[in-house]
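Asker: I'd like to ask you about the structure that follows.
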Amino acid sequence: MPELPEVKTVILHLKKLILDKTISKIEIFIPKMIKEISSEEFKKYLENETIFNIENEGKFIVFFLSNNKIMLSHLRMEGGYNFYSKKRQKEIHDRLIFHFTDGSSLHYHDSRMFGTFHFRNSENYLKIKPLSLVAPVPWKIDLDEFFKLLKRKKTAIKKILLDQQIIAGLGNIYVDETLFASKVHPEFKANQLSLEQVKLILKNATRILQESTKLGGSSIRSYTSLNEKEGSFQNFLQVHTKFNKPCPNCGELIQKIKLGGRGTYFCKKCQQLN
């Protein structure tokens with residue numbers, strides 16, 4: 001699943017290729033991916049509009065268009081974009097195609113079809129679900145308020161860090177890496193963390209997300225950025241995907257468990273539960 005660094009990398013490439021382009025036609029092959037309105041309404045609202053900016057809110061890609069229109073895109077598990085400067089045939093996993101007036105096109109591909117698209121107006125898009133539910137990213141979180149919130153949670157800290165309504169941008173990869181850097185066991189109860197531990201978790205989450213963004217994200221399993229470009233942060237992962245390999249700090253073999261349905265990697269010596 002693309003996490004915050006991967007989403008930001010996609011946006012960086014999109015900005016270089018499609019800003020100031022006008023949508024002439026939208027082809028929608030999987031209507032269920034368009035939420036709240038029909039696919040025909042979606043096309044009517046966005047065709048003939050110009051894309052002038054692209055940003056993110058958590059893991060959502062936010063396309064700002066002319067006439068105060070906004071399109072939200074969430075890549076979910078397998079979503080991604082390919083840009084073509086000339087006419088290109090539909091590929092097997094292409095689900096939407098945005099054609100531009102200059103003959104270029106942007107293809108959204110998604111083998112599992114979990115991705116979503118939403119239409120919004122700019123004056124209220126942050127106040128309506130799903131964006132109204134998206135929490136701040138780690139570097140924008142108030143430490144004291146976050147600590148108070150965790151004191152009310154008896155859940156494993158990994159599950160908390162994966163909750164986009166509590167803290168945005170972290171997925172399975174970066175939660176494992178953050179907790180390893182913070183020497184906190186993924187099953188450690190959130191309400192038992194000290195203020196210093198919480199501060200360290202936010203600090204490491206910020207550092208790791210920003211370092212990964214600079215390297216184009218982590219290309220493991222199916223993730224590639226725009227037009228199949230790979231990131232390189234996977235070369236610097238300390239524990240995630242490192243089952244039975246030596247811990248880079250102590251040499252103990254990295255463990256793997258299932259936590260909340262997610263494969264979870266940690267060092268039992270560096271990240272002690274008791």
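Note that the numbers count up from 1, one per residue, in the order the chain is shown.
Using the three backbone atoms N, Cα and C, a Cβ is placed for every residue, glycine included.
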Asker: Starting from the DNA binding annotation in Swiss-Prot that includes Arg112, Lys153, which of His74, His93, His185 is the extra site residue?
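Answerer: Among the candidates, Swiss-Prot records only His93 at this DNA site.
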Asker: Looking at 203-237, 238-272, which one is zinc finger according to Swiss-Prot?
Answerer: 238-272
Asker: According to DSSP, which kind of secondary structure is Arg262 (active site, proton donor) found in, if we only use helix, strand and coil?
Answerer: strand
Asker: Give the sequence-ordered list of residues that share a chain with Arg262 (active site, proton donor), lie 6 or more positions from it, and have CB atoms under 8 Å from its CB.
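Answerer: The list for Arg262 (active site, proton donor) reads Lys158, Leu162, Asn172, given in order along the sequence.
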Asker: Given His93 (DNA binding site) and Pro2 (active site, schiff-base intermediate with DNA), what distance in Å do their CA atoms have, once rounded to a whole number?
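Answerer: Taking the Cα atoms only, His93 (DNA binding site) lies 17 Å from Pro2 (active site, schiff-base intermediate with DNA).
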Asker: The record names His93, Arg112, Lys153 as the residues that bind DNA; what is their largest Cα to Cα distance in Å?
Answerer: 40
Asker: Distance check, please: Cα of Lys153 (DNA binding site) against Cα of Pro2 (active site, schiff-base intermediate with DNA), rounded to an integer number of angstrom.
Answerer: 26
